[in-house]
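**Student:** Next up is a structure, given as structure tokens.
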Amino acid sequence: MKLQGLLKNVSYEVLQGTDNINISNIQYDSRKVTEGSLFVCIVGFNVDGHHYASSAVVNGAKALLVEENIEGINEHITIVKVSNTRKVIAALADRYYNHPSDKFRLIGVTGTNGKTSTTFLTKSILEAYGKKTGIIGTIENRIGDEILKAHRTTPESLDLQELFYNMVERNVNDVVMEVSSHSLDLHRVDACRFDVGVYTNLTLDHLDFHKTMENYRDAKLKLFNMCDTGVINLDDNYASYMIDNSSCKKYLTYGIDNDEADLNAVQLKMDLGGASFKVTYQGTTYAIKLATPGKFSVYNALAAMGGCLALAIPMETIKEGLEKNKGIRGRFQSFASKKGYNVIVDYAHAPDGLLNVLKSMKEFVKGRIITVFGCGGDRDRSKRPVMGEIAGRHSDYCVITSDNPRTEDPLSIVQEVEAGVKGTNCAYETVVDRLKGIHTALAMAKEGDLILIAGKGHEDYQVLRDEIIHFDDAEVVLGYFETERI
Ligand SMILES: CC(=O)N[C@H]1[C@@H](OP(=O)(O)OP(=O)(O)OC[C@H]2O[C@@H](n3ccc(=O)[nH]c3=O)[C@H](O)[C@@H]2O)O[C@H](CO)[C@@H](O)[C@@H]1O[C@H](C)C(=O)N[C@@H](C)C(=O)N[C@H](CCC(=O)O)C(=O)O
Ligand SMILES: Nc1ncnc2c1ncn2[C@@H]1O[C@H](COP(=O)(O)OP(=O)(O)OP(=O)(O)O)[C@@H](O)[C@H]1O
Ligand SMILES: N[C@H](CCC[C@H](N)C(=O)O)C(=O)O
Ligand SMILES: [Mg+2]
């Protein structure tokens, strides 16, 4: 493809060589560069991609896209300068893959919690409607039934457009994707054409990256300046901010507490096996059953419902799709011990998520709530004591353990969480090793108790300082159950 053509509508300066050349592909990682590549230099959080320009040339790059002047590159290599390479790579990738997001309907879901759950519920509905569906998010990416590994919740723009392209090639009709605040801030979704944007909620998380709640909010807002219809949770504190500052042609609102919402859920009932509620739309009332309990699950169902209504899917099909969903891996996933207690494996890794799960458990627990959890390393530290306090206030016993410590000292993270639990009346202990932590909680469980193992949900690994090991909360629980005698 001609570099000139690729750069159409982009404002740029040729620093060296000519833009009248063919490039074979686009890369942002020098290690993936092949003969004839355009290498895009990105100023990163760890390293500066401009420093890898020479090694990209050694690997075969024919052209470089930069945002800073670089010296010492062979004069036969074309160097093109733009003001923001992250923005431009998104536009180039969209053009390189021939504008794939024009060729299917695209729903983007953003919010602190509930994105993965909402996308899976949406997928169930789209499939009940007979559509071949693509899904992009934390657990995995899917093209119809084909499962692809996801490295990130929202991929880099180049990888995202390539995935879209493969979805088009395989005749996908509709795509539902999680749109993380990081991706909105780092221009990963810049070139996407969203038919629908869904907003779940905004609560404390990711301040390591965004620094303030205002920045975090404004990152989420970006989605609602990129989509035709906005589906907004009217019960959320930031709902009116999102509506007032966005440019959607239409809005559909949902809520439980706010009965002015277009979709208002009432008569919520829950037990360990799931939730049920009623919702009225255009004069008809529908009774809906969900496989996952919790008020938060009803929000996610309403969010999925709103997104699908915006695509003109009938309510009868929406109900069918929601009811076909048998639960989502690591999202309030329950396991029954033959000793008469139950274990819930859940991905709550932020204060609001943890609070919601514990409140839901309180609605039907017969015995005690025992919570095993920790916080991830190299992530927002401010949430650690807050989550500690929430766990302490809403549990009868806590085992504070490790999540993914990454490069941090596991004991220090545990102590920061402990500071929050200490301020409550809850009895607790700290067990840094997660396997031992889970075993500790299971060993003390009695009939009627509910054990919550929070933070890692579907993850089948644990990121330690020097290695990534296999670790799966659900597997640990099932393994322990096999050793139990009645
Ligand atoms: C904060 C953030 O998102 N960082 C991402 C970002 O890193 P970075 O910009 O700092 O990149 P870098 O590692 O400094 O490298 C800069 C450039 O040099 C290039 N390079 C580097 C080394 C080399 O030998 N050659 C080379 O060309 C890199 O390819 C890159 O283009 O670009 C990297 C390359 O694509 C990503 O791996 C990295 O994600 C990190 C791993 C990450 O953990 N991101 C998380 C926070 C994230 O994005 N999370 C959200 C989910 C949040 C949620 O669900 O709530 C997500 O969407 O997944
Ligand atoms: N609508 C919601 N409101 C608050 N908490 C929720 C909601 N939905 C799910 N949760 C809680 O948050 C956890 C994560 O849910 P989910 O994976 O759907 O969110 P996510 O936004 O995709 O998270 P991530 O940012 O890690 O991708 C769940 O396991 C549950 O504890
Ligand atoms: N999307 C979240 C997931 C956190 C999951 C938790 N297990 C952790 O590792 O901190 C993040 O990257 O902050
Ligand atoms: Mg997710």
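Cβ atoms are placed via backbone N, Cα and C, with glycine included.
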**Student:** According to TrEMBL, Asp403, Asn404, Pro405, Arg406, Gly455, Glu459 bind meso-2,6-diaminopimelate; identify which of Arg379, Arg381, Arg393 is listed for that same site.
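**Tutor:** My reading of TrEMBL gives Arg379 as the candidate in that site.
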**Student:** Restricting the comparison to the binding-site residues Asn113, Gly114, Ser117, which residue's C-alpha is spatially nearest the C-alpha of Arg406 (meso-2,6-diaminopimelate binding site)?
**Tutor:** Asn113
**Student:** Between Asp403, Glu459, which of the binding-site residues has the fewest other CB atoms within 10 angstroms in the structure shown?
**Tutor:** Glu459
**Student:** Which one of these binding-site residues, Thr112, Asn113, Thr116, Ser117, Asn404, has the sparsest Cβ neighbourhood, judged by other Cβ atoms within 10 angstroms?
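**Tutor:** Thr112, out of the binding-site residues Thr112, Asn113, Thr116, Ser117, Asn404, has the fewest neighbouring Cβ atoms within 10 Å.
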**Student:** Calculate the distance in Å between the alpha carbons (Cα) of Asp403 (meso-2,6-diaminopimelate binding site) and Ser117 (ATP binding site), and round it to a whole number.
**Tutor:** 21
**Student:** Among all protein chains shown, how many Cβ atoms are found within 10 Å of the Cβ of Arg379 (meso-2,6-diaminopimelate binding site), not counting that one?
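**Tutor:** The answer is 20 other Cβ atoms.
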**Student:** I need the CA-to-CA distance for Gly111 (ATP binding site) versus Arg379 (meso-2,6-diaminopimelate binding site), whole Å please.
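**Tutor:** It is 17 Å, counting Cα to Cα.
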